[in-house]
Amino acid sequence: MTQTPVVSLHQVHQQFGSTTILSGLSLDIAPGEFVALLGRSGSGKTTLLRLLAGLDTPSQGHLRLPERRAVVFQEPRLLPWKNVWRNVVLGVKDRPTRDHAVEALREVELAHRADAWPLTLSGGEAQRAGLARALVRSPELLLLDEPFAALDALTRLRMQSLVARLWEVHRTAVLLVTHDVDEALLLADRVVVLEHGRIAAERTISIPRPRRPGDAAFASLRLELLGLLGVREALAAA
């Protein structure tokens with residue numbers, strides 16, 4: 001039996017003045033599916049994410065979203081005058097308590113910093129707090145907007161492993177916007193490549209988890225995606 005998509009876009013257009021950002025884009029995301037969105041700068045990734053977050057409305061087309069959504073941005077945007085646990089439950093309905101926040105912080109291995117002030121957190125800790133803030137909302141759709149781009153290499157790998165583990169536990173539908181092909185291949189079930197506001201290619205990733213960049217299938221798919229993004233051509237011309 002086919003599952004009803006948790007996200008459904010059909011012939012979505014988005015224009016700002018005379019500039020077309022998304023042009024007839026159609027995309028479904030199944031419950032529990034992990035989708036990575038790749039594309040060059042200006043391809044429409046951020047515009048699509050803003051539509052899925054409910055921050056903008058499309059100029060034209062059909063868009064169906066779940067009620068419970070959460071976004072983790074590259075910058076966690078924690079309020080410096082509220083301690084970590086209060087940031088985690090900020091805006092949550094039904095009078096959430098410190099216990100709710102600590103439970104979410106425990107999932108991201110940050111419960112020991114519940115009473116800390118945001119400015120005392122490292123970059124990785126702040127991003128963990130951002131993930132906890134998303135988890136406490138029990139989202140049907142989790143949107144990740146290049147959440148690891150500002151982190152050092154080791155912290156980025158640790159955060160990727162954490163996101164993979166959280167997805168295995170919760171099986172929330174996820175859309176990850178990233179420029180990192182390896183990150184997309186490590187985490188996602190499916191990769192969508194945007195170009196000029198349209199879906200230029202989609203690839204299902206059938207490589208068993210846990211995945212390793214050194215595996216032949218991983219390396220082959222990486223080369224294919226780099227080619228779709230124009231990276232190999234740029235390197236060859238350099």
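Every residue, even glycine, has its Cβ placed from backbone N, Cα and C.
Keep in mind the model is a prediction, meaning the values are calculated, not measured.
Per Swiss-Prot, the features are as follows:
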BINDING   G39, R40, S41, G42, S43, G44, K45, T46  ATP binding site
DOMAIN    7-221  domain 'ABC transporter'
Three-class DSSP secondary structure - K45 (ATP binding site): helix
Additional residues around ATP, ordered along the sequence, whose Cβ is within 8 Å of the centroid of G39, R40, S41, G42, S43, G44, K45, T46: L194
Site with most surrounding Cβ atoms, counting all protein chains shown within 10 Å, from the binding-site residues S41, S43, T46: S43
Cβ atoms near G42 (ATP binding site) (within 10 Å, other residues, all chains): 13
Position of peak Cβ density within 10 Å, selected from the binding-site residues R40, K45: K45
